[in-house]
Amino acid sequence: MSFCLRLDSAETKSQSREGMMAKKPPKPAPRRIFQERLKSTALPLYFEGFLLVKRLEHQEYKHYWTELRGTTLFFYSDKKSTIYVDKLDIIDLTCLTDQNSTEKNCTKFTLVLPKEEVQLKTESTESGEEWRGFILTVTELSVPQHVSLLPGQVIRLHEVLEKERKRRIETERLPSTSLEKEKEPTEDYMDGLNPMPACFYTVSRKEATEMLEKNPSLGNMILRPGSDSRNYSITIRQEIDMPRIKHYKVMSLGENYTIELEKPVTLPSLFSVIDYFVKETRGNLRPFIYSANEILETKEFPLTSLK
């Protein structure tokens, strides 16, 4: 797909677009919701979305906004609730079995646990694959090979795998003092409150360009802060007739993100933004990810004044 985009060099919006955004009704700040949920769960957020759940005591499926934190599923009555109504520890998952479904665009599967079997149903086949992938990753501590996911989604599974391994190691080593217990949620808060794609770096446009030009084997797409520090930008390097650098603006609108293309595309998360670029270019765009030995050096990039 050939992108026709507005370059970051013109990172200004028309007044008519600003007027349209101003007319949108305000949404509740997600920061407060995440903070309250983290306080009650004290676990890092790995994945979230709507699930239909049927446990032994239920005759019918119940609709929940569900969060996977650590190896526990937390169920909320809706997306804005801060207190979960139920939870399910899946660390001892025996197996995940698929169920045949006559319904279109949905996935059904069963979580087989030592003491119960829980049936789950998703609202789309794509979200079903994502839930399967994340649940198996945190319970088996390995990324499953038999799930149909986009490259960007597979990258997220690997990120979650490393976070969960680290969390378990830290939990085993964590002293049982009250002081240390108070510190743990604070560290998890940054993980759960604002999880970011692996290709996000706090760099300027110039620094992002240099990173892509000097390390083409590591990927060709970087997500970075926008010029106003509220929105984001994507810098890509494509080789068609000759290497070309392009910059795309990603607007943060409430809980969604809009890529400013010729025809703007609105998506629910920054992960979805990255997946969109990967999918629409048929894998020609790949997230730029440093190796473990280079990450520390990368984090030292200052958040400079962006032009």
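Keep in mind that glycine also has a Cβ here, set from the backbone N, Cα and C atoms.
Any TrEMBL annotation is an automated prediction that lacks curation.
What TrEMBL records for this protein:
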- 7-29: region 'Disordered' (REGION)
- 44-140: domain 'PH' (DOMAIN)
- 189-292: domain 'SH2' (DOMAIN)
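Secondary structure of the domain 'PH' (44-140) per DSSP, as helix, strand and coil residue counts: 16 helix, 42 strand, 39 coil.
Break the domain 'SH2' (189-292) down by DSSP state and the numbers are 30 helix, 34 strand, 40 coil.
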